[in-house]
Amino acid sequence: MRVPVSWLREYVALPAEATARELADKLISLGLEVETVEEVGADISGPIVVGRVLTIEELTGFKKPIRFCTVDVGDANGTGEPQGIICGARNFAEGDLVVVSLPGAVLPGGFAISARKTYGRMSEGMICSASELGLWEDHEGIIVLPEGFAEPGTKADDLLGLRESVLDIAVTPDRGYALSLRGIAREVAAAYGVEFTDPAVRPLPSAAEGGYPASVADPAICSRYVLRGVTGFDPAAPTPLWMRRRLHLCGVRSISLAVDITNYVMLELGQPLHAWDRSTLRGPIEVRLARPGEKLETLDHVVRALDPDDILITDESGPINIAGVMGGLSTEIRETSTDILIEAAHFDAAHIARTSRRHQLSSESSRRFERGVDTDIQLAAATRAVELLAELGGATIEDGITHIDHTVPREPIVVRAGHAGRVAGVDYPVETEIARLRQVGCEVVQEGDTLKVTPPSWRPDLTDPNDLAEEVIRNEGYENIPALLPQAPPGRGLTRGQRLRRAVGRTLADRGFFEVLNYPFVGVRDFDRLRLDEDDARRTAVRLANPLNDDEPLLRTTLLPGLFKALVRNVGRGFTDIALFEMGLVYHPKPDAPAKAPILPVDRAPTAEERATLEAALPEQPRHIGAVLAGQRLRSGWWGGGEPATWADAIHTAKEAASVAGVELIVRAAQYAPWHPGRCAALYVADGDREVLVGHAGELHPRVIKAYGLPSRTSALEIDWDRIEAAAAAATAPQISTYPVATQDVALVVDASVPAAEVEAALREGAGELLESVRLFDVYTGDQVGEGRKSLAYALRLRAHDRTLTVEETNRIKDAAVAAAAERTGAVLRG
């Protein structure tokens, strides 16, 4: 929002010595983001005056039309004699008032004016156009001032506002009121403690009858709707110089007087307006949602397919506006429009925001509606617009007014007195809290030690006690909060769960994984790309009421989509050998959860019943660990060829992560989307006599890889870390043996379809309690083992706690392990 300081002074009794820089500092201290302070016209100097054209002589014999003019500049040239000036513009005549730069003047860009001979005549100055003076972009020729604007010789720089200080403010989504001069002026008045003149406070007509017929189909989409009309408007009436200048300083292009007035009122009051040529309307207006198949050609000449979520303005011919976003082409103001209808409305912010994103139309109107506009200002804004149309365009204001009011009074916020002080750690007197809240427009009623605060209609962002505390604190000054280090309460350090999570993060990082933090949002398309069955529990997700992206309206039930997208981004930037992991929450809705979670108070501790109600509404949020691997885990080099990351690495990573918690995973072959059905492992933990599923790991299905654009043979894992932590709760420290380890290697030949995990499980069972670990270190397929067969080589580590194992004992354990594998999987010891 660009704010000219001179315009601001019309509403705020600023000290004369207040500078734009000082003003910016004040606003920054109030929490507004002033990005720049622009000194427009700072490079303009010298005599720039009003002149009257006395004579015009057409010069011939040149390649383009040239005129030699004599111009009365009063006493500005020191002689009182007319000034001779060469000019090529054709849009002025004898007797017109113009702007003249005399010799010695410097125009924007360092363009110095001097007397010089040109086209055979002495030119002593320049008759200026708007663009040459930096007023606005204009290719219509020089400025012709209205009659009576000023006497010849009068300094024009102040009259035209050539020098101006402009604040450029970045308005955050919660500060919609700051997208207007009215809103900024109120903040400035509070900062300086001076009087504020509200431009919205003006005499308003009491009657609201006889206006253009209109209706609102659903009060939820439009809480207030106002129409006011004028007749006899002069479409040739120009936009006055002062209005064009202000619009330009605010970054708005001048179009025509009628359209410029709607933009001017929007900048002044913060209420977007729309103007129609009334002769193009067909019957009553209705505000409603779009119907399937409806289309509208908007002002940018694009035919748009409308969504049932779009709010429309319609007449008997169909849609004429996308409400709050852009008007339709068929009813726009034309060069011949004489009867004009002005619309001022309060549309639902969420609908406008979704429509703007859906159609990729971000307008000045939609920016204000989606941040929230004043619910009570519509009649004042429409009245201001028709008054300007009458004053500047010669129109006649119609008596009839359309005013549909479905607004609901805001409920007061009940807050304990002194709440702001408790939040800031500063002892604010109750009187100060009340004064500051009233300063921002709140109505405050004190009842004992509580305050009932009703926020003003222009502050939809004030919804709870903490919002009110912020208003008190920022107006008292953040800089006045003492910088005291808080006293840390005594504690026991990190919890066991926090220590485990940090430890597993370090372990994965040590193994070459990079941690990523992804947004927890997914869409139905992600579930389709994962090839999840229609009845898969992961498709049942929490839907957001106001998603950041309409394509991702759900909270994730799995970490994998985010990891896949992060992998694709990194591969696209040249990181072909990469391993990523994420530790985060997934969200599963409770079957019996209420439709809407309650909002708990912030100025007191919630009751047990309130906490229970909130807990019941929240989804289950287990913590998962996910990882994805692609490319080579060991790169090739002078030491030899590289080794690709495989499904076995994914399984091994999951086992290493679980081992941090002292939990050993049990690996079983499985078929589970999105993994390859022949290269997927289900991961279990032992819970007494039963096994609890905690996750899956393996190589991804080729169609999933193709759907996401992943590198071929990408592997992934996802485990439920909460379940692993629970399994670790009863874990005890293992007994450490001081006796040497004995190793035995066995190579077993099995059918190619037999999972290695089943062979490993059989070896563990057969070896018994003296087996310390078993590791698969080689897989071989080839002529030596026969077609349809494979050789699996395992390293067995054996150790006793009370003795050194003998050769006979280790051989006996090895034989028992091989026998168990042969019985369960048909394994044969390879010779």
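Backbone N, Cα and C atoms are what each Cβ position is placed from, and that goes for glycine too.
Record features (Swiss-Prot):
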- ASP461, ASP467, GLU470, GLU471: Mg(2+) binding site (BINDING)
- 42-157: domain 'tRNA-binding' (DOMAIN)
- 408-483: domain 'B5' (DOMAIN)
- 737-830: domain 'FDX-ACB' (DOMAIN)
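In the structure shown, the C-beta of GLU471 has more C-beta neighbours within 10 angstroms than that of any other entry among the binding-site residues ASP461, ASP467, GLU470, GLU471.
Using the Cβ center of ASP461, ASP467, GLU470, GLU471 for Mg(2+), the list of other same-chain residues with Cβ within 8 Å runs, in sequence order, ASP174, ARG459, LEU462, ASN466, LEU468, ALA469. For the domain 'tRNA-binding' (42-157), the model gives a mean pLDDT of 87. Within the domain 'B5' (408-483), the DSSP-based counts of helix, strand and coil residues read 31 helix, 14 strand, 31 coil.
Per-class residue totals from DSSP over the domain 'FDX-ACB' (737-830), listed helix then strand then coil: 34 helix, 32 strand, 28 coil.
For the domain 'tRNA-binding' (42-157), the DSSP counts in helix, strand and coil order read 6 helix, 47 strand, 63 coil.
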